[in-house]
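What TrEMBL records for this protein:
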- 25-94: region 'Disordered' (REGION)
- 25-34: compositional bias 'Basic residues' (COMPBIAS)
- 35-53: compositional bias 'Basic and acidic residues' (COMPBIAS)
- 69-89: compositional bias 'Basic and acidic residues' (COMPBIAS)
- 161-188: transmembrane segment (TRANSMEM)
- 163-731: domain 'Major facilitator superfamily (MFS) profile' (DOMAIN)
- 200-218: transmembrane segment (TRANSMEM)
- 230-251: transmembrane segment (TRANSMEM)
- 257-276: transmembrane segment (TRANSMEM)
- 288-310: transmembrane segment (TRANSMEM)
- 330-349: transmembrane segment (TRANSMEM)
- 442-462: transmembrane segment (TRANSMEM)
- 589-612: transmembrane segment (TRANSMEM)
- 619-638: transmembrane segment (TRANSMEM)
- 644-666: transmembrane segment (TRANSMEM)
- 678-701: transmembrane segment (TRANSMEM)
- 707-725: transmembrane segment (TRANSMEM)
Amino acid sequence: MDDDGRYRDNRSDFIRGAKDIAKVAKKQVGKKVGRGMDKMTDEYTKRSYKRFEEEDDEDYAGVPSNDDGYYRNDSRANDDEGHSDSTEGHDEDDEIYEGEYQGIPRADSGKAGSMDGVTDAQAQQFRDLSAYEGERRKDQEELAQQYETILQECGHGKFQWTLYFVLGLALMADGVEIFVVGFVLPSAEKDMCLSEPNKGMLGLIVYLGMMVGAFVWGGLADRIGRRQTLLISLSINSVFAFFSSFVQGYSSFLFCRLLSGVGIGGSIPIVFSYYSEFLAQEKRGEHLSWLCMFWMIGGIYASAMAWAIIPHYGWSFQMGSAYQFHSWRVFVLVCAFPSVAAISALTTMPESPRFYLENGKHDEAWMILKQVHDTNMRAKGYPERVFSVTTIKTVKQMDELMNMGDNTAWHEKWKLKLSALFHQVWHNFQAVFSPEYRRTTYMMMAVWFSMSFSYYGLTVWFPDMIKYLQKQEYSSRTKVFVKEKVEHVTFNFTLENQVHRQGEYFNDKFMNLRMRSMVFEDSLFEECYFEDITSSNTFFKNCTFIASIFHNTDLFKYRLVNCRLINSTFMNNKEGCLLSDVSDDNNAYMVYFVSFLGTLAVLPGNIVSALLMDKIGRLRMLAGSSVISCISCFFLSFGNSESAMIALLCLFGGISIASWNALDVLTVELYPSDKRTTAFGFLNALCKLAAVLGISIFTSFVGITKAVPILFASGALAAGSFLALKLPETRGQVLQ
């Protein structure tokens with residue numbers, strides 16, 4: 001027994017000495033080898049000396065540890081079990097030999113020996129990385145279970161509702177951004193002299209910006225944090241939305257709206273991921289659906305502000321002819337308020353504790369969860385309840401070693417950091433298409449694309465069809481005059497919606513009047529006098545002007561098409577493009593009113609989806625809503641009047657919102673926390689690309705046929721509902 005005890009003591013001393021040697025060896029190796037070999041050796045040596053203390057972990061499994069979490073299995077090993085068969089570099093007598101650190105070839109090795117050493121090191125690296133990934137996977141599964149239990153203890157109360165309204169402001173800013181350009185376009189196109197191609201580009205630029213923003217900010221949120229990334233993205237949105245209100249040129253305005261869209265593009269993927277990580281399993285589907293209501297509130301806010309501000313052209317000022325600030329710019333400025341409010345409120349909220357735990361920050365996560373618990377308990381009248389959790393599982397981290405030294409310039413350090421961040425984000429994006437998630441990702445891509453293509457295409461096609469129907473009705477009331485002769489007459493009243501062909505006008509005066517939708521074709525004007533004329537949609541085609549005078553009018557260049565001017569004079573012409581005349585107020589109010597009704601019609605569908613999301617499941621909600629939306633598309637063929645199109649718009653919006661709510665919840669729950677915003681951001685970027693394609697295709701058929709857009713939308717929704725049933729159901733599961 002004495003010999004056996006001495007043997008055990010000697011073996012314990014030997015084990016401790018081996019670990020010290022391993023540590024010193026690792027430090028010496030880090031000073032001599034490159035970054036890639038350093039990382040490989042670090043992982044290998046760490047594993048080598050940890051093998052001595054891992055054999056008896058099973059005896060201590062589940063015991064709380066202050067080092068690394070509740071489920072940590074790295075307790076001190078029993079000295080009797082120091083040997084591990086998987087540990088290379090030990091013989092039967094447990095003596096260390098020189099070949100233990102096989103990642104480093106010996107200096108006296110030959111060429112063949114060096115090659116063998118490198119090959120063995122690479123094989124060992126792959127084995128170690130595979131094992132390390134397995135450990136991370138196990139950690140993540142254990143964390144998901146424990147985290148759900150902790151959220152149950154924290155409860156659902158004041159903290160979650162406060163965060164609900166804070167993140168709701170960010171989602172509201174996204175809803176506002178969608179409507180801004182559409183509302184200001186009728187005024188901005190005349191203020192900036194926009195051609196039809198420029199108008200189309202301005203309408204699509206926000207979607208292109210949001211597409212880029214969703215991908216970029218979604219990827220960054222998984223690496224630097226949900227809250228920090230959301231603050232950065234909202235700040236970019238608010239700054240460039242503010243600038244776009246004041247810039248004068250079309251290119252500058254386009255650039256500012258592009259960057260504003262890039263900023264707000266991170267809102268949807270981050271907001272839903274952020275909020276879901278504070279919600280327990282039985283509350284998640286319902287409350288994420290309630291959060292979707294803020295997108296609707298953003299649309300209502302934008303419609304109401306446009307209705308109240310844009311038609312008031314008196315709300316403007318100008319400094320000479322170079323700078324003009326009209327009412328539509330006031331509207332653009334007001335639309336930046338939700339984003340600014342979201343930034344102010346978000347500074348008072350903490351980071352997601354789930355993000356901290358996924359990144360090995362135990363203490364920070366514990367403090368936040370304790371804050372959630374205490375806030376909810378105090379609000380419920382139980383301030384004496386103590387947060388019983390002492391330690392929480394954290395996920396093993398993949399070390400990213402980067403030795404920059406003290407003499408490295410600051411710009412080189414930033415370059416290296418940004419390069420490392422880019423590679424981390426790109427690796428995370430590639431992981432979304434790994435074999436484990438590939439099928440899910442492809443299926444989700446198809447569902448997101450089909451939903452977005454049909455929804456955005458139809459929602460933009462609806463207003464254009466309404467405008468077309470209004471134009472058709474207005475044209476049906478056009479008065480036509482042929483070969484009329486008018487002499488010595490003074491016109492000082494409004495001329496509207498008339499066509500004059502082959503007319504003759506001698507010594508007539510057109511003074512202090514407005515011309516709206518007037519067309520003169522093949523007419524003769526002799527010794528006529530035009531003064532203080534403001535026109536909209538008015539043209540003179542193939543006309544002849546003899547000895548006529550134009551004073552303070554806008555009847556020049558754009559209004560005169562293939563006309564002959566003989567001894568005629570233009571004096572003090574109105575320069576630039578003018579805003580639409582007040583006569584367009586009714587049309588403007590109708591556009592805002594239709595958008596207001598369309599967003600308000602979403603409310604019933606939102607309430608129903610929130611109440612049923614956790615009862616019938618995400619897939620049934622998604623597929624069922626898509627099928628009903630597909631059926632409602634066929635009723636569009638019966639919409640031959642303005643009122644009928646408005647009613648169908650409201651019907652389609654109210655039904656399809658349930659699909660979007662289910663899709664958002666499903667996307668959050670299908671991906672793990674370390675890839676959640678990356679996947680959500682990519683899918684949301686694909687959604688915006690589909691929106692651009694849908695809008696471009698659907699609007700090209702306005703006034704031509706309704707059959708093609710209806711067939712496209714119905715086919716896309718049918719395909720989306722079918723594919724949705726192939727996805728896994730996530731109801732009742734813990735957040736991965």
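Using the three backbone atoms N, Cα and C, a Cβ is placed for every residue, glycine included.
Keep in mind that TrEMBL annotations are predicted by a computer and have not been checked by a curator.
Within its own chain, the transmembrane segment (589-612) has Cβ neighbours under 8 Å at 175, 179, 182-183, 186, 286-287, 289-290, 292-293, 296, 299-300, 302-304, 306-307, 310-311, 459, 462-463, 466-467, 470, 621, 625, 646, 649-651, 653-658, 661-662, counting only residues six or more beyond its boundaries. If one looks beyond the transmembrane segment (330-349) by at least 6 residues along the same chain, the residues whose Cβ comes under 8 Å of a Cβ in the stretch are 162-163, 165-167, 169-170, 172-173, 176-177, 180, 183-184, 227, 230-231, 234-235, 237-238, 241-242, 244-245, 263-264, 298, 301-302, 305-306, 309-310, 315.
Among the listed stretches 619-638, 678-701, 707-725, the one sharing the most Cβ pairs under 8 Å with the transmembrane segment (442-462) is 678-701. Remote same-chain residues near the transmembrane segment (230-251) are listed as 170, 173, 177, 180, 192-194, 198, 202, 213, 217, 221, 257, 259-267, 270-271, 274, 322-325, 329-330, 332-333, 335-336, 339-340, 342-343, 346-347 (criterion: CB distance under 8 Å, separation of at least six residues from the stretch ends). For the transmembrane segment (707-725), the partner stretch with the most Cβ pairs below 8 Å, chosen from 161-188, 257-276, 288-310, 619-638, 644-666, is 619-638. Comparison of 257-276, 619-638, 644-666 by number of C-beta pairs under 8 angstroms to the transmembrane segment (161-188) places 257-276 first. Under the criterion of 3 or more C-beta pairs below 8 Å, with sequence separation of 6 or more, the transmembrane segment (678-701) and the transmembrane segment (619-638) do not qualify as touching, having fewer than 3 such pairs.
Note on the domain 'Major facilitator superfamily (MFS) profile' (163-731): mean pLDDT across this stretch is 83. Of the recorded ranges 257-276, 619-638, 644-666, the transmembrane segment (288-310) has the largest number of C-beta contacts under 8 angstroms with 644-666. Residues 163-164, 167, 170-171, 173-174, 177, 180-181, 202, 205-218, 221, 226-227, 229-230, 233-241, 244, 284, 287-288, 291, 339, 352, 664-665, 667-669, 676-677, 680-681, 683-685, 688, 735 of the same chain sit 6 or more residues outside the transmembrane segment (257-276) yet have a Cβ under 8 Å from a Cβ within it.
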